[in-house]
Ligand SMILES: Nc1ncnc2c1ncn2[C@@H]1O[C@H](COP(=O)(O)OP(=O)(O)OP(=O)(O)O)[C@@H](O)[C@H]1O
Ligand SMILES: [Mn+2]
């Protein structure tokens, strides 16, 4: 009969034989699990288990030295065996609980980085669902029937849970109070600077108008005749309903209009939307929740984006998630090679609104199902050809475009769920044509060349003399845009657009912010060149910026609060804290730049508020 000591030694020897070296704690395999001496066999355990094993083994060694009789050896062997058994049971329960996802609690908002697979919370969300899968793959033997199921079921279950959670969060337009019970955002929007009296809008200050009854009748007759020549009226109706579209019951009465139409009809010469319009919340809610009936690739621009359609005939521009929230743009990438970020599109909309501009079409985040919301409904051959299932079992696609549309840069669901941004579409170009303007401060989009404005300190003097910047508010509009871009570090403003209908007397549309919020640890001073070189800023903008720099409002705080209204916040905050702090830092830089201008120049402030009393505006100069 072996003594416990001999038994241990012989088992150790067999272990050495099997792994070819001493089975001590220094041997690690590639998955960083440790090969340790465990009772009578060599096994692979995690570092946590290894610490427990070390302790048990130390106790056993000390006792071995003190005892000399065979019975004590035997007793010790029993103790050791019991200890190992207990340890094994403990390890088993730990491993098991790692496989079971606790049910979601409504009070805890998950904070998960969906791309890095690093779950910091276990509530069920899309990321948690994907992590569930990732975890089960990591732990291999954890996958149990009833907990996971097939990829298909897992994706769909978690998808509906995500959707439910996301739905609960949707209330865009209603700021949620902060911990102290006070909503900084609500108070900001109540401030006189956000409620400036506007000149009464004339008929030609609206982008679109409804036709008169007579005009409408005429058109209806024409359309009916056209339809009759192709197919009968009832055929047309049932065909559209079959495709999943709502029956059209709109009349001239505003109340019958779908939210996207209300948005279109609300576009004026001076802003894209009225922040106080309650229908905006309906619009974003609709985009975030309604079934997607169609998805095709949107032409124009360089990166992949889709045009999606909804049952009420509304449309949105979809940009998919490509990077984790925390990923900073590679320092060796030029700005024009940077990926577009869906969360940047969402955050830009909120920032523009918080700055009081209202020049970005409403954008909302959503979790979609790549398979049912895109692959199954697309009629775009060029798009559907690019779908594939990745080795990890995720459904991916890459589309066809200039940048990053290849199988090396796929957009992937997990396995079906994907975060996207959805921007409300502007009225069709046939109804409301737009003019595209090359920005005077456009970058060179070259690895070697500098743009004129980068070489000529007096560049703005030329711009100021050049139409349309030589009169009206165009120059200060451009500077507003530069401030917005500097705050979010957007270097990609090569063009901007205006509605042709309004000529040069109008606001500038702020579109395309996918490359904003690329780096939080670094600022890009050159984006502020229009302000620094021209030393000019709108008074209302300056006063709002000063307001936002005050601790009782603080840009980062109101942005955090505003972004919390987006459904994707349920997955992870749309801007990480470093990005939010960067906003405060950059705001201070903007205000310092204005101060430097004022120190050396007269006529820095473009007074767009001359009728308003400073006192009424919060005592700001
Ligand atoms: N909400 C919108 N409604 C209607 N058209 C839009 C909207 N947003 C963008 N567009 C149009 O689509 C074009 C391409 O969109 P976007 O600029 O976002 O794509 P992009 O690939 O990022 O472009 P680029 O590579 O040139 O920066 C824009 O120039 C604009 O004319
Ligand atoms: Mn872009």
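The count begins at 1 with the first shown residue.
Even glycines carry a Cβ here, placed using N, Cα and C.
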Checking 104-158, 159-213 against TrEMBL, the stretch recorded as region 'Disordered' is 104-158
Among 72-95, 216-239, 240-263, find the range that TrEMBL records as transmembrane segment.
-> 72-95
According to TrEMBL, which candidate in 328, 340, 408, 524 joins 303, 319, 423, 424, 425, 426, 497, 512 at the ATP site = 340
Using a 10 Å radius around each Cβ and counting other Cβ atoms from all shown chains, which of the binding-site residues 303, 424 yields the largest count?
-> 424
Near ligand 2 by the Cβ criterion (under 6 Å), the binding-site residues from 424, 426, 512 are 512
Relative to the Cβ of residue 340 (ATP binding site), which residues of the same chain, six or more apart in sequence, are found under 8 Å away?
-> 303, 305, 319, 322, 514, 515
